[in-house]
Amino acid sequence: MPIESGSCAAARQAKQKRKSHSLSIRRTNSSEQERAGLQRDMLEGQDSKLPSSVRNTLLELFGQIEREFENLYIENLELRREIDTLNERLAAEGQTIDGAELSKGQLKTKASHSTSQLSQKLKTTYKASTSKIVSSFKTTTSRAICQLVKEYVGHRDGIWDVSVAKTQPVVLGTASADHTALLWSIETGKCLVKYVGHVGSVNSIKFHPTEQVALTASGDQTAHIWRYIVQLPTPQPTADCNQMSGEDEVEFSDKDEPDGDGDGSSDCPTIRVPLTSLKSHQGVVIAADWLVGGKQAVTASWDRTANLYDVETSELVHSLTGHDQELTHCCTHPTQRLVVTSSRDTTFRLWDFRDPSIHSVNVFQGHTDTVTSAVFTVGDNVVSGSDDRTVKVWDLKNMRSPIATIRTDSAVNRINVCVGQRIIALPHDNRQVRLFDMSGVRLARLPRSNRQGHRRMVCCSAWSEDHPICNLFTCGFDRQAIGWNINIPALLQEK
């Protein structure tokens, strides 16, 4: 039968291959012995400082190595022949199964066509997946104008937080590691009020929505509410600062860091006693904020809890527990009774107090490192920043995944969103401050040169949309706050 004859032929081929393989090995061994003898004869005629025993041992070892490589080479050739035979059989079987006589060239054409389709599909998928990542690094063709307007120098240590008053007169507030909070005239840069009621680092400052009252959080495990009365000085003509594009940068040394000891903040009015002190935490109070209406305040602490207080009575209303590690920030919604807390446990939580009888909580795990801050916008968005070098924009209606992701080259500190223009300001550990829109497109980078910009880590940013001179403020560990005038062309915002 044809099958038996085919098997017999295959068996004969295998026997012949084994015989040829053994013969080739024998020939190889004999030829190797002849070559070794020739090499010995040649080397004996050459001058060498090696003893003859060492030379003979080396020749023996090298001969063994060469024989091993030659055997491998022969086996490789035989394997290649077997692969070619199998390919021919597969091609013949393909003819009988398909029921058509396909030549080898037709098979190659068909295979190359399917391969090209697959490679094109892979390229399309790769481009689609990477475009989302690369989009955050793209810059626009037009440039935003970022001009430094005023520097606020007077603290004796790094500044953790900066905030702008929401009522008239509009002043700037800074919270510093030197245990003080200062209020400044935005126009003149003069210190108006110094608060010295804390005995630890002042980590945050927020202004009451309707009154001249400030809320500060401190490392002394308390949050203070204190009233201020200021009289704005007559504005002086500001120095003409050269306008710099948000992409210009010149390196400089930390030797140019301003010295706060020589500033006149010591001669401004001092407030020493708060209206009320909020004392329920067992660790550093890292942040605090007012709920809408200003009748309640929320604090975030390193004791892994956030507390909700009644401002009038100073009583603890709710203790918000659930985070596994220290809290880093808290923020309240501008129009609704919502609170968002961020933590070193890589999560941020949304607390809902709109129903007085019950409060709900949602946990979001969108980062891989400490969430340094999470803030609301006027709409239904939350923006979170992290030490994992990303900023993510979330939709409150569907927070399963972010609607935009911004990838940066440095850890992100306390972010802030310009509500009217929907611009996010990102302060970084590497002294940069970058501006992005809500879709993740970069708009500008603030100047950083030997004359302008921060000289050390930038800790926080704050927008002031209604002020005619400065609409963005930043602060950092170089002990100064800076007021900027940011002009974003409408074309950039549309993009």
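Along the chain as shown, residues are numbered 1 onward.
A Cβ is built for glycine as well, from the same backbone N, Cα and C atoms used for every other residue.
Residues annotated as region 'Disordered' in TrEMBL: 1-36 (among others).
Sequence annotations record features per position, and here TrEMBL assigns compositional bias 'Polar residues' to 22-31.
Annotated coiled coil per TrEMBL: 69-96, in sequence order.
Panel annotation: around the repeat 'WD' (152-194), residues 200-212, 214, 216-218, 228, 230-236, 238, 258, 260-261, 263-266, 268-271, 287, 414, 456-457, 459-464, 466-467, 469-470, 473-483 of the same chain, lying at least six beyond its termini, place a Cβ under 8 Å from a Cβ of the stretch. Annotation source TrEMBL lists repeat 'WD' at 152-194 (among others).
Feature annotation from TrEMBL assigns repeat 'WD' to 195-226 (among others). Long-range contacts of the repeat 'WD' (195-226) within its own chain (CB-CB distance under 8 A, at least 6 residues past either end) are made by residues 157, 160-167, 173-183, 270-279, 281-290, 292-294, 297, 299-301, 309, 311.
Annotation source TrEMBL lists region 'Disordered' at 242-269 (among others).
Here TrEMBL flags 246-264 as compositional bias 'Acidic residues'.
For 278-319 (among others), the entry in TrEMBL reads repeat 'WD'. Long-range Cβ contacts of the repeat 'WD' (278-319) within its own chain (Cβ-Cβ under 8 Å, at least 6 residues beyond either end) map to 161, 200, 203-204, 206, 208-211, 213, 215-219, 221-225, 325-337, 339, 341, 343, 351, 353, 359.
Feature annotation from TrEMBL assigns repeat 'WD' to 320-361 (among others). Here the repeat 'WD' (320-361) has long-range neighbours at 283, 286-292, 298-308, 367-376, 378, 382, 384, 386, 388, 396, 399, 414, 419, meaning same-chain residues at least 6 beyond its ends whose C-beta is under 8 angstroms from one of its own.
What TrEMBL lists as repeat 'WD' is 364-404 (among others). Outside the repeat 'WD' (364-404), and at least 6 residues removed from its termini, the chain residues within Cβ reach (under 8 Å) are 328-329, 331-335, 338, 340-344, 346-350, 410-417, 419, 422, 424, 426, 436, 438-440.
Secondary structure by DSSP for the repeat 'WD' (152-194): 0 helix, 21 strand, 22 coil.
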